[in-house]
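Per TrEMBL, the feature domain 'Glycine transporter' maps to A:8-82, A:94-168. Annotation comment: TrEMBL describes A:6-25, A:32-49, A:61-81, A:93-112, A:118-139, A:151-170, A:176-197 as transmembrane segment.
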């Protein structure tokens with residue numbers, strides 16, 4: 001397998017999400033098996049949902065063992081360096097954000113390759129980027145973070161996906177599209193967290209019955 | 001696209017479920033993004049599960065953008081009129097019930113078109129009608145309402161689905177089948193709620209260990 | 001349909017999981033509908049996920065009504081004998097473990113038949129064996145037991161699946177593979193519970209923020 005920029009970014013994202021999943025599992029005091037499963041599910045959840053919804057089966061990780069090995073190594077890495085990684089919480093946040101940016105790309109591109117409408121491709125991008133974390137949170141019995149905190153999370157994927165589709169329409173070279181899209185997602189997420197930019201809420205004024 | 005009775009009912013159901021999802025999300029204080037996602041998932045969840053299980057992919061909403069637009073407009077409508085809609089809680093219950101009735105039809109019909117056994121088609125009807133609400137409740141971290149309250153909910157779908165299959169076997173015209181099936185589901189649900197008809201429970205007599 | 005050893009084991013597993021699901025639902029005070037649904041989902045959840053991920057659709061239980069009938073009868077049996085079954089908690093644990101062993105076989109074999117890599121086939125075995133219980137617990141709003149207690153549960157499936165793949169490579173007759181694999185899974189689970197063998201945990205030493 002020759003490694004393109006796309007592959008390298010994809011592997012980076014897989015590593016980042018696997019580590020974030022393993023850390024979340026250790027925080028919830030899950031056992032060794034739980035750690036591997038949550039690492040695995042966080043890393044492949046988004047892509048698996050995408051593949052199942054468009055009918056691209058067997059899903060990607062079944063046909064390319066590289067993902068399994070990378071995730072296992074990442075989980076072992078997280079276990080060994082679990083105390084050091086804690087000090088690196090900011091780096092992890094960065095890795096998680098990189099994963100978000102990269103997986104948005106794979107989602108949008110899959111939609112385009114399957115000749116789906118631009119808006120659907122963007123939705124696939126957001127799903128691929130954000131859904132792994134949603135499953136992780138549900139399995140750890142928490143309200144998914146992307147709903148809880150009004151953080152700019154999947155929203156960044158959607159904006160990045162929009163730029164992807166726009167650039168694709170104007171025949172920009174793919175490598176440039178990849179870089180611009182992931183940097184857009186990453187930049188929006190970093191800026192939103194730094195400056196506490198959140199999405200608006202709309203509460204009914206009545207008391208909750 | 002010409003609009004048949006089937007399409008009109010399908011759109012009505014989509015609107016009703018999208019509004020119910022958006023209201024649930026606002027009640028849970030989710031942000032703008034969460035509101036749209038929950039509205040979307042409630043409206044397309046049942047049909048998506050149905051499509052994935054029978055292998056009809058890419059799933060329906062990916063190939064017909066009408067659903068996306070209707071759901072987005074419904075969510076905006078729910079946000080704008082969130083206080084007025086609260087007074088309309090009963091109308092909403094009615095809309096939700098209409099959705100249940102209509103989506104039962106689309107589920108059963110899909111099963112029949114795929115030449116699945118009658119009992120499987122009925123199950124697909126119940127799944128299509130009720131599963132959107134199940135996902136909505138899981139994402140909002142609540143026990144799904146259909147399990148919680150012993151309400152006649154999915155049960156109404158199954159009874160309606162049974163009539164659908166029966167009428168289909170006797171070559172009743174489809175438009176009549178649609179109307180009778182949805183009215184059956186809607187009627188059973190309304191009567192059950194009005195007269196507090198619930199399903200029986202079977203508790204083990206022992207204390208829970 | 002002629003009944004092979006494989007079919008008999010498969011039916012045994014379905015019965016065991018359906019009963020365990022029905023009992024869990026009664027313990028959570030769900031209504032009649034909830035009991036049937038949880039029984040059904042526990043019995044077919046693992047196989048359904050497996051079928052969807054590899055693209056074998058419509059999923060198995062849609063094309064073979066035998067499963068529906070067996071599950072319905074098992075749920076009725078659990079309801080009728082709900083108090084007696086309680087005394088039989090140990091037998092049930094045994095049945096559940098039999099189900100785990102048998103469904104591991106169907107998962108691994110499906111992977112091999114679809115020419116997936118050995119490690120993927122083993123993962124499919126673990127998924128088929130353990131996922132029904134995961135869904136059951138999520139729908140009952142509990143943290144899945146396989147993550148919670150550090151019990152040797154899915155781990156037993158993985159070890160059994162490893163032996164399956166190994167024996168298959170050396171052309172051992174299938175019936176022997178079936179028996180050895182299920183007995184391995186069952187034996188490991190029984191011994192682990194009897195001698196309180198658990199998987200290790202790795203906690204970060206910091207306080208949870």
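Cβ coordinates come from backbone N, Cα and C, glycine included.
Unlike curated records, TrEMBL annotations are generated automatically.
These numbers come from a predicted model, not from an experiment.
For the domain 'Glycine transporter' (A:94-168), DSSP puts the residue distribution at 61 helix, 1 strand, 13 coil.
Sequence-distant contacts of the transmembrane segment (A:61-81), counting only residues of its own chain at least 6 positions beyond either end whose CB sits under 8 Å from a CB of the stretch, comprise 1, 11, 14-15, 18-19, 21-23, 26, 35-36, 39-40, 43-44, 47-48. Within its own chain, the transmembrane segment (A:176-197) has Cβ neighbours under 8 Å at 5-6, 9, 93-94, 97-98, 100-102, 104-105, 108, 129, 151-153, 155-157, 159-161, 163-164, 167-168, counting only residues six or more beyond its boundaries.
Across the domain 'Glycine transporter' (A:8-82), DSSP classifies residues as 63 helix, 1 strand, 11 coil. On the 0 to 100 pLDDT scale, the domain 'Glycine transporter' (A:94-168) averages 83 in this prediction.
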